[in-house]
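Visitor: Provided herewith is a single structure, encoded as structure tokens, for subsequent inquiry.
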Amino acid sequence: MEGVDHLAHERNKSEFDVDAMKIVWAGSPHAFVVSDRISKLVASDPGFRKDNRSTLSRKELFKNTLRKAAYAWKTIIDLHLSEEEAAKLRFYVDEPAFTDVHWGMFIPAIKGQGTEEQQQKWLPLAYKMQIIGCYAQTELGHGSNVQGLETTATFDPQTDEFIIHSPTLTSSKWWPGGLGKVATHAIAYALLIVGGREQGVHGFIVQLRSLEDHSPLPGMTVGDIGMKFGNGAYNAMDNGVLRFDHVRIPRNQMLMRVSQVTCEGKYKQSDVPRQLVYGAMLYVRQTIVADASCALSRAVCIATRYSAVRRQFGSQNGGPETQVIDYKTQQSRLFPLLASAYAFRFVGEWLKWLYADVTQRLQANDFSTLPEAHACTAGLKSLTTTATAVKQIVSPSSSSRWSPSEEESLPVEDKSLEERLDGIEECRKLCGGHGYLCSSGLPELFAVYVPACTYEGENTVLLLQVARFLMKTVSQLGSSKKPVGTIAYMTRVEHLMQCRCGVQRGFAELSADLVEAAVAHCQLLVVSKFIEKLQQEIPGKGVKQQLEVLCNIYALFLLHKHQGDFLSTGCITPKHAALANDELRSLYSQVRPNAIALVDAFNYTDHYLGSILGCYDGNVYPKLYEAAWKDPLNESVVPDGYHQYIRPLLKQEIRTARL
């Protein structure tokens, strides 16, 4: 029971009001109350048990996920939960499932791209889950390049129908969650063909399966694409494959809020501006940024608590060994991640506000902030998911080694490389060997989260979009159009426009450097929004002071990590770089007594964390020992296969054994 006493002692060190910090993390007192109540509701219900997930076979795992989704829906109905409470319940159930795509993409797509009539017809069915939807965009051969999708939707004026067809193997829809075994309907994206003319990619509501016996409808070839990375993890989701064989759907099942096809076969734009279709994309990407802070904070909570429990070396005169968290090497790796979790939380809050603001403007036909909002959501989605899940490699000279998408083969640049933080994986390594156990929660957390780096825009492709936005802004610096909002800082670099440069074209040639510029811009966004948060009124003893420490750690760590760039461009001197490193060590010392309280402020239940190493009471070792004996391999003392394989080896009878 040593761990219990130890973490209690750590909590007593706290120099700030933890309950007040919980409200800051949640976003508001109301959000905290809802989140706290629903998380405890889920944690206390054995119907949502998940500790055995990594030992289940794929079929068992998937069936158990179906049960949980149905049980969650029953709970929502029985308790008359609001939409906000229902969303929180699905979040804390913490199981990748078809419901994620149904609520997160299928419904928003209809709301954003469907006409009022289409919304009135389809949304009530979707809200009651009388139909279950998926989002069928990505194909076997195309993902990020949406305009390259090969699935076709050809209008037949004789029958007033669209003919949906997959002309090639690579046009098979591939990856949509919920498609493989569950979804009854899909928002399928296809190249519209009217009167022999291609009119670009559009969305269509297509029924996939019978609502009576769930069998695929004629012309549909549909199934699951197979096992994915990791134990449990996204294998709970039925990511699917779908091929259409001249499937006919009524004309009114094309999403026609922006573009329409008449019964006479005429294609026309509606009075609704085309820019409105970006609303759903912005919504999804801003939720991904929020999810990054959740995933990273989970990993940091586990690593921080275990670092306080674990003792290694340093014993003197028979006394206890040193807590791992007291080693400066551990602090220099862990505390920047803790600061990042808070930084991503606050920039996620701002992005939520930005989405609401740009949506309101779009409704009023004001598109002035749309390019900025697109760049912010794209760039921050890329930055936060990369920092949370992926080991990205960059060179000190600012050239980058690309992470190839499945669609494009991108060039490998400078071979002299330097690692960046890799969030969840770094937290696993901070937990030593025990972090490799599934019971640590970290391997599955990584496997669940890492797809975020690819879906809704491959991260390098998104950074190139940000770079184009920045280059357009730079090109306008000499004009009367002044940069505002998140790019207002560029007014301070107008002197650059006076410098002569022979480059007129060649975006692709400089793309590696431009990606780095886009990352720097996004990092500036994160830091600036953290600072803006600190300028607000933040109640609670010592809360603002602790947040200031974390903000300084986040900013100075970036400066320290990329000091080569800062030094080479003359932004800082070597003395400044040394001072930043000294200040970081001082800041780590200020975080140390508050580390456990700072992760307690996330207010995660042991159920949601899903980690023995990160359990609230710190009673790690007895729980690890107990969990080991629950593994199916320990159901028998003598393993299955002993008589066939082990005994012949031991008895030197391998030649006569029946193998």
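For all residues, glycine too, the Cβ spot is worked out from N, Cα and C.
Quick paste from TrEMBL:
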DOMAIN    17-132  domain 'Acyl-coenzyme A oxidase N-terminal'
BINDING   Thr138, Gly177  FAD binding site
DOMAIN    278-389  domain 'Acyl-CoA oxidase C-alpha1'
DOMAIN    420-471  domain 'Acyl-CoA oxidase C-alpha1'
ACT_SITE  Glu456  active site, proton acceptor
Visitor: State the count of C-beta atoms found within 10 angstroms of the C-beta of Gly177 (FAD binding site), not counting that atom itself.
Guide: 26
Visitor: So if I draw a 10 Å sphere around the Cβ of Thr138 (FAD binding site), how many other Cβ atoms end up inside it?
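Guide: Thr138 (FAD binding site): 21 neighbouring Cβ atoms within 10 Å.
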Visitor: Can you check how the pLDDT averages out over the domain 'Acyl-CoA oxidase C-alpha1' (420-471)?
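Guide: Averaged over the domain 'Acyl-CoA oxidase C-alpha1' (420-471), per-residue pLDDT gives 91.
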Visitor: Distance between the residue listed as 'active site, proton acceptor' and Thr138 (FAD binding site) at the Cα atoms, whole Å?
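Guide: Pair distance, Cα basis, whole Å: 10 Å.
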Visitor: Quick one: give me the count of other CB atoms within 10 A of the CB of the residue listed as 'active site, proton acceptor'.
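Guide: Excluding its own Cβ, the residue listed as 'active site, proton acceptor' sees 21 Cβ atoms within 10 Å.
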Visitor: Based on DSSP, tally up the residues of the domain 'Acyl-coenzyme A oxidase N-terminal' (17-132) by helix, strand and coil.
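Guide: For the domain 'Acyl-coenzyme A oxidase N-terminal' (17-132), the helix, strand and coil counts are 91 helix, 0 strand, 25 coil.
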Visitor: Is it possible to list how many residues within the domain 'Acyl-CoA oxidase C-alpha1' (420-471) are helical, extended or coil according to DSSP?
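Guide: Across the domain 'Acyl-CoA oxidase C-alpha1' (420-471), DSSP assigns the residues as follows: 41 helix, 0 strand, 11 coil.
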Visitor: By DSSP, how many residues in the domain 'Acyl-CoA oxidase C-alpha1' (278-389) are helix, how many strand, and how many coil?
Guide: 91 helix, 2 strand, 19 coil
